[in-house]
């Protein structure tokens, strides 16, 4: 019986190997060596044999690509080694500067060997293989933590569930890009349009949306593909000497690798490679938005090192934004939190690089005058960096003879208050302050934001309703709303009303730094707010400070000091602050005074690993309360590394930079001494 089981197991494994070889030939090499009907017959045979054998079906069997129930969420997973992004350049001069910096650092007298490859426009992914078997796939996320999308990635036919080798590494994380080929994208949108469903703006969005489907069977139908271009954690595997050799190793393992990469041994060769990719761009079967250049030798990569969020040994040279022509149908004005009145062009919809553009900021009246932009004009528009719509110029030959010259109105379009403009500022501003509904909404959104009072559940739509119903004029009014007020809002149930009231009540307990930031003083971001709180230690002292006293603080220049002084000179602002404090918003003055002497004040801290009792969010909040700035990457500017269990590459980098290491116990000690008044 045991012998029969062994024979059956061997037969099953041989059949699986045969099918894997055919999958690789079909999906990766695009050179099928059997007919579709023959492949289907092999799959049917494998399913039947697996069912009849009674043996456990391994996770890497070709029959296990699609299946499983729909999930209602994606689990967050921490990357063992951070997934860094790349710095960008946008022209030959900037690229030449990058190349010269590398040459000075690595080899002043000889050329540097680079690899040029397409910058794929998709979704970065980390594939973790353990003993050759795909165990987990996770998105980049914020570079530190991503989402577990393993079940969906298993449905992508170009990604092997098992590496094609008898001697796989114990662990290897293969990094690359999941993308949607243009052909699949067009077919998907055609089908969606025929069904009356929402269409995707571009292949990148389609790839991202398809990968994050809760039902893996939907992902399986979306024809996603993958290219490898890097690595993460590796155990029991010796990297080859060059990146080019690693790609060859991936290819041998049946990991898809783009064949378009090319060597560039000199700066002129690198410039030529960029031009070649730019010419090929439109003809490629997948979207690219630039060219990535990497140092070929891994030893040279290690010597070049890393910046805070990107490697020094690689750069992404983005393509110039694609330009199209369209027509300006109207110029509307938007009013922001600080009263800035921004003209916005409403455009005849135009598709640029797969994205429908309907509007573009014109920034200010001076910019409109400089470009002589008028309603009715035909204009060239591009997506700067392939992202932000930008009006480049006007096609004067197509201008209508009666096209009116734009003039900034004298009064705010929202509240009718006077629009004012300082001579030294390009931005015009509404003088209405919190009397202006548009400024009121923006100020309330800022006040409730995560870095300010962090009022959970109080979003833009809810704030707009409160302002429209005239329940709220200033942030102080939020703390006076009753259950009846909340219940009277459209679609506001009792539970939702209770939740938001609870969140508002919880937000009363805050820190002086958060409160200062929440006030929305022009030029005072979260970092400046922390510095101001630490310096003055008391709200009254901060409000009484003159411009000279403010400028003693690092980061507070003459302009910001003047803005702070102007803010507190307004009696309405002072009245709102008094009302907020009277409503119960408070912080520990003793804590703020203690923090001035705290060892973490003004320090940069990185967290790595799993802490014994605190979550990462809790630890970060305590660090920030104690005056620290928490960042995600270790650099020479890092002051402390907060170390937990199962730390990744950050520990090694911290040791290389001689960064002092602290643990949760040390943080708890500081918290007990400096922060327990919160």
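Placed from the backbone N, Cα and C atoms, the Cβ positions cover glycine too.
Straight from Swiss-Prot, the features:
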| type | residues | note |
| --- | --- | --- |
| BINDING | 36, 37, 38, 39, 40, 85, 86, 117, 140, 177, 294, 318 | NAD(+) binding site |
| ACT_SITE | 119 | active site, N6-AMP-lysine intermediate |
| BINDING | 412, 415, 430, 436 | Zn(2+) binding site |
| DOMAIN | 595-678 | domain 'BRCT' |
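Residue 415 (Zn(2+) binding site): 18 other CB atoms within 10 A of its CB, across all protein chains. The two recorded residues, residue 412 (Zn(2+) binding site) and residue 86 (NAD(+) binding site), have Cα atoms 42 Å apart. Over the domain 'BRCT' (595-678), the average per-residue pLDDT in this prediction is 81. Residue counts for the domain 'BRCT' (595-678) by DSSP state, with H, G and I taken as helix and E and B as strand, are 32 helix, 16 strand, 36 coil. Annotation: no binding-site residues among 415, 430, 436 have CA atoms within 10 angstroms of the CA of residue 86 (NAD(+) binding site). Ranking the binding-site residues 86, 436 by how many Cβ atoms sit within 10 Å of each one's Cβ puts 436 at the top.
DSSP assigns residue 294 (NAD(+) binding site) to a strand. For residue 294 (NAD(+) binding site), the nearest of the recorded positions 119, 415, 430, 436 in terms of C-alpha separation is 119. In three-state terms derived from DSSP, residue 119 (active site, N6-AMP-lysine intermediate) belongs to an extended strand segment.
On a Cα basis, residue 38 (NAD(+) binding site) lies 72 Å away from residue 415 (Zn(2+) binding site).
Cα spacing between residue 430 (Zn(2+) binding site) and residue 140 (NAD(+) binding site): 41 Å, rounded to the nearest whole number.
Of all the recorded positions in the record (38, 119, 140), the one with the smallest CA separation from residue 436 (Zn(2+) binding site) is 140. Classification of residue 430 (Zn(2+) binding site) by DSSP places it within a strand. Of all the Cβ atoms in the protein chains shown, 20 others lie within 10 Å of the Cβ of residue 140 (NAD(+) binding site). Taking the centroid of the Cβ atoms of 412, 415, 430, 436 as the Zn(2+) site, the other same-chain residues with Cβ within 8 Å of it are 335, 339, 411, 413, 414, 416, 417, 419, 431, 432, 435, 437, 438, 439. Cβ neighbours within 10 Å of residue 38 (NAD(+) binding site), excluding its own Cβ and spanning all shown chains: 12. Listed in sequence order, 288, 289, 290, 291, 292, 316, 317, 318 are the same-chain residues six or more apart from residue 119 (active site, N6-AMP-lysine intermediate) with CB atoms under 8 A from its CB.
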